[in-house]
Amino acid sequence: MRRFLFLSLGVLVVAFSLNGIGADHHCPWDWFSFDRFCYKVIKQRKNWQDAERFCGQLQNGSHLASIQSWAESKYVAMLLSNNAFLDTVWIGLFEPEKNRSLEWSDGSGFCYTGWERRKRNNVDNKKYCVELSWMSDYLEWNNVKCESRNIFICKI
């Protein structure tokens, strides 16, 4: 009987963690928890603006994911490695006007940067948005034209 209770408790703990319920934050059932935030990978291809709009409609207060630390970057990379299937993925970093500084769509500040080794470029004077690529194990940022169609990750 004791073994059955222990096994049942273990299954319950695993079920809660798979449903995105972390010890420090409660997320919607199909979102994943890290620190005090929730994340969801969306496997639909959209341009950056449509992806940002989709996140906001999906859950109140949701935006494309901002990445504020190395630990958060590693967590997002792990989620994408398990769910993105060798795709490029939009995050919430964008250039609101040509040749301006980048901003996070959720309004958060810059605490961390993860630019790819070849660094940020804007050679053709167009607006850019930022993606993560499987080629860098989803750890390095790359700016591309916002009209590109990628899958994306939302954060609340």
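Positions of Cβ are set from backbone N, Cα and C atoms, glycine also.
Per Swiss-Prot, the feature signal peptide maps to 1-23. Positions annotated as disulfide bond by Swiss-Prot, on the basis of sequence analysis: Cys27-Cys38, Cys55-Cys154, Cys129-Cys146. For 34-155, the entry in Swiss-Prot reads domain 'C-type lectin', with the evidence type sequence analysis. Look at Swiss-Prot and you will find Asn60, Asn99 tagged as N-linked glycosylation site. Marked as Ca(2+) binding site by Swiss-Prot: Asn142.
A map of Swiss-Prot features onto the structure.
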| residue | record | contacts (Cβ under 8 Å, 6+ apart) |
| --- | --- | --- |
| Cys55 | disulfide bond | Ile42, Ser62, His63, Leu64, Phe152, Cys154, Lys155 |
| Asn60 | N-linked glycosylation site | Ile156 |
| Cys129 | disulfide bond | Trp48, Trp90, Leu93, Phe94, Glu95, Asn143, Val144, Lys145, Cys146, Ser148 |
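For the residue listed as 'Ca(2+) binding site', the Cβ neighbour count at a 10 Å cut-off comes to 19, with all displayed protein chains included.
Counting other CB atoms no more than 10 Å from each candidate's CB, the disulfide-bonded residues Cys146, Cys154 peak at Cys154.
Between Cys38 (disulfide bond) and the residue listed as 'Ca(2+) binding site', the C-alpha separation comes to 23 Å. Summary: among the disulfide-bonded residues (Cys27, Cys38), the fewest other C-beta atoms within 10 A of the C-beta are counted at Cys27.
The residue listed as 'Ca(2+) binding site' sits 29 Å from Cys27 (disulfide bond), taking the Cα positions as reference.
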